[in-house]
Protein chains: 2
Amino acid sequence: MTKILYATDYVDKKTTEIKEKIDSLKTVPELAIIRVGEDPGSLAYEKGINSTAKKLGIEVNSFVFDKDSKTEDLVKKIKELNEDKKIGGILVFRPLPENIDEDEIALAIDEDKDIDCMNPINMAKVYNGEVDGFIPLAPKASVELLKFYGYELKGADTVIINHSNVVGKPLAMILLKELATVTICHIGTEDLKKHTQNADIVFTAMGKAEFLDENYFNENSTVIDIGTSKNKEGKYRGDLDEESVNGKIKAFSPVPKGIGSITNLLLLENVIKNKN
Amino acid sequence: MTKILYATDYVDKKTTEIKEKIDSLKTVPELAIIRVGEDPGSLAYEKGINSTAKKLGIEVNSFVFDKDSKTEDLVKKIKELNEDKKIGGILVFRPLPENIDEDEIALAIDEDKDIDCMNPINMAKVYNGEVDGFIPLAPKASVELLKFYGYELKGADTVIINHSNVVGKPLAMILLKELATVTICHIGTEDLKKHTQNADIVFTAMGKAEFLDENYFNENSTVIDIGTSKNKEGKYRGDLDEESVNGKIKAFSPVPKGIGSITNLLLLENVIKNKN
């Protein structure tokens, strides 16, 4: 029997916790979104955030800049939002157009409102092992889901397929903090199967729909699927070939109804983090 | 035949390069050292730096604070040194006494003079994959030595035994940038042998003299030994049991005459980095 690690129960529990916290607040901090242009991915993300925020009772303020905007236009707005006491968190959609200096934007965001962990001060904290502050959302969601299902990470052999700055690297830092052994694989890895077959837990964010079949795993494998991309039929799926592995491995988090359904919630939790 | 990766030839080549660079400079930047107290390890380190600096022709200015100094005393001095045009690099010896706020010290150092990569801005750059700036010295030395000996890191299966902020984590970042597959082991790792036996290159910084014998490796293993600690006879040795592995593995960097003999040189190279 393969256990499917649906996020549903975790999401319900977390939603209740956030609502309770909101009820205890004198004033509810608001979210500020900065979006440049009309990228379809960003629009979909914004829609999802708005929907979750509405359920929680958190106000969202979107500031939309046209594609030809300059770095200083965004920095000016960010500085206003830094000063604005009703704003609890600032989210800048990425990727930004090439004419905008992402490093400068990241530095402009007040580190206490940096809910998406863009500012290098917050990134450095993650890498220094301080994982209780703002940390990238998909890595945090992955580890939270495993803990919700009672997994012990200490001493576990883990493999991460992704070495990006927003997923693979920060996830490695969180797992190291938990004293898991961590292997980071990527496009340069010569024999991916060798690593995944020998791991207790595999985290994948390849963006190759249904790529990983039963041959990559063993009967004790748990897979956390962070990937989302279109399969041949044009449907959004994870990296895992769920049909192939079902019955052959220990457990996996599905796509949809897995990691992706947690991240918006954790983002919005960050808006009210450390507030009273 | 096991090849011993002595650092001697690399050190000679690098020394020549640095001297040539120094000869081309109108004025030679100087090193500023900040030391708090009389820790024997720090004193030995300082002595080594002075000796290497003398050979290269780089002036060293040491500023010694007593143990009861306050964070603001150090910050004041650092800010003076930031402004001082003749200073090319600032090195603060660690560990600092508990009454000093290391985070504040790290932030005070001008990022262009941060030769030991303490400032979180520079740390964040390393984690973002920008490894051409200031990066921690032992990781840099390890990779430089391998490249000197013609090793290809892309696709290599590497294991790092250390997950600290100054060795294991930044080394992982450099190796990922080279597209090596990276496994990070540490005190929580359940079966260290399983990982080291299957790796092409093992980097070790355990600080357990002569701990790793032939049973941890295979005939194609290369070991870069970053550990230094006293063995039973009171002699400083690496983590590798060199006698045991000699003839059984492909190659190793020795202790002494290995990584430890490179780091001071790279530190002093940083003092003149990007100067003209």
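First residue shown is number 1, and so on along the chain.
Just so it is clear, glycine is given a Cβ too, placed from its N, Cα and C backbone atoms.
Fair warning: this is a prediction, and the values are worked out from it, not measured in the lab.
Per TrEMBL, domain 'Tetrahydrofolate dehydrogenase/cyclohydrolase catalytic' is recorded for B:11-116. Under the heading domain 'Tetrahydrofolate dehydrogenase/cyclohydrolase NAD(P)-binding', TrEMBL lists B:136-274. Per TrEMBL, the feature NADP(+) binding site maps to B:Asn162, B:His163, B:Ser164, B:Ile187, B:Thr228.
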Mean predicted confidence [pLDDT] for the domain 'Tetrahydrofolate dehydrogenase/cyclohydrolase catalytic' (B:11-116): 95
For the domain 'Tetrahydrofolate dehydrogenase/cyclohydrolase catalytic' (B:11-116), the number of residues DSSP places in helix, strand and coil: 50 helix, 19 strand, 37 coil
Chain A neighbours, restricted to the binding-site residues B:His163, B:Ser164, B:Ile187, B:Thr228, by C-beta under 8 angstroms: B:His163, B:Ile187
Site extent for NADP(+), whole Å (max Cα pair distance, B:Asn162, B:His163, B:Ser164, B:Ile187, B:Thr228): 17
Winner by Cβ contact number (other Cβ atoms within 10 Å) across the binding-site residues B:Asn162, B:Ser164, B:Thr228: B:Asn162
Helix-strand-coil residue split for the domain 'Tetrahydrofolate dehydrogenase/cyclohydrolase NAD(P)-binding' (B:136-274), DSSP-based: 48 helix, 26 strand, 65 coil
Binding-site residues: B:His163, B:Ile187 - member with fewest neighbouring CB atoms within 10 Å: B:Ile187
